[in-house]
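One structure below.
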Amino acid sequence: MDVNPTLLFLKVPAQNAISTTFPYTGDPPYSHGTGTGYTMDTVNRTHQYSEKGKWTTNTETGAPQLNPIDGPLPEDNEPSGYAQTDCVLEAMAFLEESHPGIFENSCLETMEIVQQTRVDKLTQGRQTYDWTLNRNQPAATALANTIEIFRSNGLTANESGRLIDFLKDVMESMDKEEMEITTHFQRKRRVRDNMTKKMVTQRTIGKKKQRLNKKSYLIRALTLNTMTKDAERGKLKRRAIATPGMQIRGFVYFVETLARSICEKLEQSGLPVGGNEKKAKLANVVRKMMTNSQDTELSFTITGDNTKWNENQNPRMFLAMITYITRNQPEWFRNVLSIAPIMFSNKMARLGKGYMFESKSMKLRTQIPAEMLANIDLKYFNESTRKKIEKIRPLLIDGTASLSPGMMMGMFNMLSTVLGVSILNLGQKRYTKTTYWWDGLQSSDDFALIVNAPNHEGIQAGVDRFYRTCKLVGINMSKKKSYINRTGTFEFTSFFYRYGFVANFSMELPSFGVSGINESADMSIGVTVIKNNMINNDLGPATAQMALQLFIKDYRYTYRCHRGDTQIQTRRSFELKKLWEQTRSKAGLLVSDGGPNLYNIRNLHIPEVCLKWELMDEDYQGRLCNPLNPFVSHKEIESVNNAVVMPAHGPAKSVEYDAVATTHSWIPKRNRSILNTSQRGILEDEQMYQKCCNLFEKFFPSSSYRRPVGISSMVEAMVSRARIDARIDFESGRIKKEEFAEIMKICSTIEELRRQK
């Protein structure tokens, strides 16, 4: 019998059917090869949007710079970056008028944070441009390298451990006539292998000292390295994203802290909150507009899209905003906050790896590094690349392109949101002074605009006014991509609103399944994801139960741990059957040891080990939770771990799951091949750094609220902490006199060794 699919939806409200429209199965596209072309696109496009600005030359670096601020007012609908300073300042003033004291209070909050933040804040984050090696590194390593080089160049403020003191060093470093850095290089030589008697290439890593003059150092300090954004769905073309170096990061962090504090106080801001909190905040704005429009007014909503938000923003505008926001604050605070936008006005974009050429006939491949693009003969390139290079050439210095206008992706999300909200704020009747008025939501470059008016003409006039007001501050609403509807149905940051936000459960589908970390973590993450979706995404009990059964099935196939009494034959079945037969209480076996599944939708919050603990045979308990088990390299496990799961759309999400350490919490060993490459030195540095940080955390666990303050080095801090703790333990009788004496002796020895060094 044929089933008419429409019948499935007879009882379902239309908005619940959104989960059936899910287009994203399979893997998202990843980029391969070089991002140089995408970066050149970004640089060229950004300059095109601001082409009527004024050209100047940076006196320190010699970089040509384009300044579109207060440029010509737009005469057409083309996107442009000609923001008018006075308009931006006026929008800020009105924002403050509608929210009395907002800037003042946010400044006070930020000032407190600035004085307390420690430099290790900069170790958060993933890949960071490491200016010492001129390539990307993990954030912690890049910071360590920067501090090491600052120290060897006589800059020592950072040793106090406060971020603000590190930033003082950054400022001083820019005044120095030269900086001496240590870089890594590879030597390759052909040697005969004693065992196989074949010729092999041996690589050795050298470190060499190099002096950078002021100009070269400044260029590196102002450089953003670029990469291609991966895993973007729904786009044919890839695009470039940027990662700044350590000199810029600290300043950006403080600006974003201030902007975050302002956004928290603005009802139209979709940042910095997320999830249900965000939905509640946004639903309030919609409710307000709908209540007011009940009988007399029409209300329409635009699901908005802005053209190239980042490329039309301008750091000089951000400087104007910060100058206004902090106008009554102490001089030092205003200076610290204005440095980030100033650095961005002088930024350089690194063009990435360059181009790869291959000759089919001679089987040769050669890399043309970005540094060579300035003077290589263009006949080797195809038409489109040739155009790009010709356009970008006047901007090139040492393989980086001068990029003064525009704001590379993801840098000032909070501050640009403040700018967007300030325009939404102008929609109040007391500002429009007419019959139409507007309000809306803003989250970075995404917006939704709600316009109310007595008739259609009024709605049209309101939209036009909003559009033009945006133009004045460098925001370009795309008329092609924005969509208007009766209020009650719109989309904002992938939330779909139809008389309330609709749970689009299918967006979470890719995060169901086995993560592939290890047996213990995967089980925990799997049930946590199902639990979270029951709480947040209208995942009903029947569907959740089914999801759970599918997950267990998936898990058993992944780890080949089918029940001990199953007929399925795998590599592990012989061992698991043996375990099953010799276990008295079979219900106590973990699923990964061939046990039954005891999970149902009521107990998803309990880790499996805890769920089954009372049911386990004693010797099984002993084997399972044995820290001395020689086959497991144990990482110390906090009570809660974080896993990264990928929803279909939007950024990777961090999911907290309960981590119970068992012999199933193994960590795969690092691939050996890295140890023979140039990365080896870096890997050792990183492990060293990790060990130090772990040791430090032992002395100052995150739970202890007081961080060491005003002590000059980590070692001294740890020694003094050890002495205090030992004294407390001795006086309360927790340790014996001999132990106390031994601890004191070790502390003195450490101090003595430091003095000799």
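Backbone N, Cα and C atoms are what each Cβ position is placed from, and that goes for glycine too.
What Swiss-Prot says about this protein:
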COMPBIAS  55-64  compositional bias 'Polar residues'
DOMAIN    286-483  domain 'RdRp catalytic'
REGION    50-82  region 'Disordered'
REGION    249-256  region 'Promoter-binding site'
MOTIF     187-195  motif 'Nuclear localization signal'
MOTIF     203-216  motif 'Nuclear localization signal'
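Each residue in the compositional bias 'Polar residues' (55-64) gets a DSSP state, and the totals come to 0 helix, 4 strand, 6 coil.
Look at the motif 'Nuclear localization signal' (203-216): DSSP puts its residues at 3 helix, 11 strand, 0 coil.
Residue counts for the motif 'Nuclear localization signal' (187-195) by DSSP state, with H, G and I taken as helix and E and B as strand, are 0 helix, 6 strand, 3 coil.
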